[in-house]
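Undergrad: Positions annotated as ATP binding site by TrEMBL: 11, 12, 13, 14, 15, 16.
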Ligand SMILES: CC(C)(COP(=O)(O)OP(=O)(O)OC[C@H]1O[C@@H](n2cnc3c(N)ncnc32)[C@H](O)[C@@H]1O)[C@@H](O)C(=O)NCCC(=O)NCCS
Ligand SMILES: Nc1ncnc2c1ncn2[C@@H]1O[C@H](COP(=O)(O)OP(=O)(O)OP(=O)(O)O)[C@@H](O)[C@H]1O
């Protein structure tokens, strides 16, 4: 098995790269999705979140009210650390389970773990990555994408970026960088080249 960590700042093209790798045959695991599973309705994770942050973070159907919880934790580092302490170990546990299952299914599998907060959560040190892959485009371009493609305000887009690790910090842990500042076709061509490198020698 080859285990790849895929990270990048917001709107840097991670999902575009992850989807292409999956089309080429990789097993794709998405940390954001696992973080949602960790606090799914009825999960022990959600129960702990409600104990810590109060019933006000639950919706009418007992589901997580993400906006309410976001309002509490983004702006209160202690609260965010408490939330991370509940969610991240669970994400890690599920990820390890999925990675082991992929390897059991195919010992030659390429597994791509898409994790936006690879640097921020310290996960870059936690696992034995065969390759750390970083999607990289200038912040100004990513802001333009968030504004034009997602209808976000420029101020919101800037605030999201300001909360994340810096491009320099991500580049410092990269084994390979995909430059996503060009066209989407240029991004995909770099992914295809990476895939053939993975399978040669
Ligand atoms: C607080 C929550 C419920 C808010 O949900 P919401 O859907 O409103 O926002 P979303 O998850 O899209 O996050 C928005 C942005 O905040 C940043 N962010 C999210 N979680 C974290 C975190 N733990 N630390 C730092 N930044 C974070 C990211 O840059 C992200 O792009 C949610 O972010 C959450 O559960 N976070 C903790 C779990 C986590 O770390 N998730 C990230 C994947 S491991
Ligand atoms: N060269 C490029 N490479 C990748 N994506 C591009 C490129 N040019 C434009 N885009 C567009 O930029 C947007 C961001 O891409 P994507 O969703 O893959 O990013 P992401 O890093 O997964 O985002 P998020 O952090 O918000 O999950 C998409 O709408 C994509 O079509």
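Just so you know, glycine gets a Cβ as well, placed from its N, Cα and C.
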Undergrad: Enumerate same-chain residues with a sequence separation of six or more from residue 16 (ATP binding site) and a Cβ-Cβ distance below 8 A; give 'none' if the list is empty.
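TA: Result: 135, 180, 184, 187, 188.
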Undergrad: For residue 12 (ATP binding site), what is the tally of other C-beta atoms lying within 10 angstroms of its C-beta?
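TA: Cβ-Cβ neighbours of residue 12 (ATP binding site) within 10 Å number 28.
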Undergrad: Just to be sure I understand the packing, how many Cβ atoms besides its own are within 10 Å of the Cβ of residue 15 (ATP binding site)?
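TA: Within a 10 Å radius of the Cβ of residue 15 (ATP binding site) lie 17 other Cβ atoms.
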Undergrad: What residues, ordered by sequence, lie under 8 A Cβ-to-Cβ from residue 11 (ATP binding site) and sit at least six positions away in the same chain?
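TA: Residues satisfying the criterion: 142, 143, 145, 146, 149, 150, 157.
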Undergrad: Which residues, same chain and not among 11, 12, 13, 14, 15, 16, have a CB within 8 angstroms of the centroid of the CB atoms at the recorded ATP site?
TA: 8, 17, 135, 180
Undergrad: Could you find out if DSSP has residue 15 (ATP binding site) as helix, strand or coil?
TA: helix
Undergrad: For residue 14 (ATP binding site), list the number of other Cβ atoms lying within 10 Å of its Cβ atom.
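TA: Neighbour count, Cβ to Cβ under the 10 Å cut-off: 24.
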Undergrad: Other than its own, how many Cβ atoms are within 10 Å of the Cβ belonging to residue 13 (ATP binding site)?
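TA: There are 24 of them.
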